[in-house]
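Peer 1: Feature list, courtesy of Swiss-Prot:
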type	residues	note
COMPBIAS	38-58	compositional bias 'Low complexity'
COMPBIAS	59-69	compositional bias 'Polar residues'
COMPBIAS	70-80	compositional bias 'Low complexity'
COMPBIAS	81-108	compositional bias 'Polar residues'
COMPBIAS	111-120	compositional bias 'Pro residues'
DISULFID	139-177	disulfide bond
DISULFID	249-286	disulfide bond
REPEAT	50-64	repeat '2-1'
REPEAT	65-72	repeat '1-2'
REPEAT	73-88	repeat '2-2'
TOPO_DOM	317-326	topological domain 'Cytoplasmic'
């Protein structure tokens, strides 16, 4: 025990003497050795998903998907808006390059409805009597066989005339007794006719005439390129008659346009001052009837004069034959 203690006590003295013997040597401090092992730090970036709002469109819908190391973008194939909503559904097919495209959308127009019926054939029993009254007092009365003539286009760029006759049993009457402007409307399957009349109180005698007419008709003529026909004319002065009289004509034709004509057969019309109980006033013949009557009267007069001349000539010859020469 004493020996180790002595060694411990003598240690510093020996070290001090050594320092004095070697003044040029530096002291070295020994540190315990250890090993540093670098630790790899793994950083994992969590993928971030962003959703971009899409807007509903009526055209093609294209969905783009882009994939990267940190960001993934998804465009939903179906988008529904909560306003005036239109829902577009896209069918996406898988691809390998990260882009999916829906097929092109096609817009199909509405299928045309069934064609309107063919024009009605002519019939002798198609004479209709159409009356509109203000209470118990009639103001417009029309009696006629009504037929519509239409010049319609056909295949090949040509045109043809089509004729359709109104059926009185399938025609509804409406109208108005508006002072000096009465009117009459005839509604029938797939069409309508409107007659507008005007009184001329400044003329002597006062008259009433047709000043406006419109027609709208849906009809399927043979090989026709269209079905709907419309025309109107607001500058007419037709079917004119004195107030209190009815306009009478065997065949009155009204031209609404170069392609739409209206024929009124066996016509009798009165649009003002009708007698009670739906009767017509005295008949006023149309110009066509008057133009035929005047040549007939002139012809009969000439024939009568010629007959008188022949009779006078025969009498003169007979008197001359009774005298005998001396």
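Every residue gets a Cβ built from N, Cα and C, even glycine.
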Peer 1: When neighbour density is defined as the number of other C-beta atoms within 10 angstroms of a residue's C-beta, which of the disulfide-bonded residues 139, 177, 249 has the lowest density?
Peer 2: 177
Peer 1: What Cα-Cα separation, expressed in whole Å, is found between residue 177 (disulfide bond) and residue 286 (disulfide bond)?
Peer 2: 24
Peer 1: At the Cα level, what's the spacing in Å between residue 139 (disulfide bond) and residue 249 (disulfide bond), rounded?
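Peer 2: For residue 139 (disulfide bond) versus residue 249 (disulfide bond), the Cα atoms are 20 Å apart.
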Peer 1: Mean pLDDT, the topological domain 'Cytoplasmic' (317-326)?
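Peer 2: Computed over the topological domain 'Cytoplasmic' (317-326), the mean pLDDT is 64 on the 0 to 100 scale.
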Peer 1: Return the residues near residue 286 (disulfide bond) by Cβ distance under 8 Å, restricted to its own chain and a separation of at least 6 in sequence.
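Peer 2: Looking at Cβ-Cβ distances below 8 Å from residue 286 (disulfide bond), excluding near sequence neighbours, one finds 239, 247, 248, 249, 250, 252, 267.
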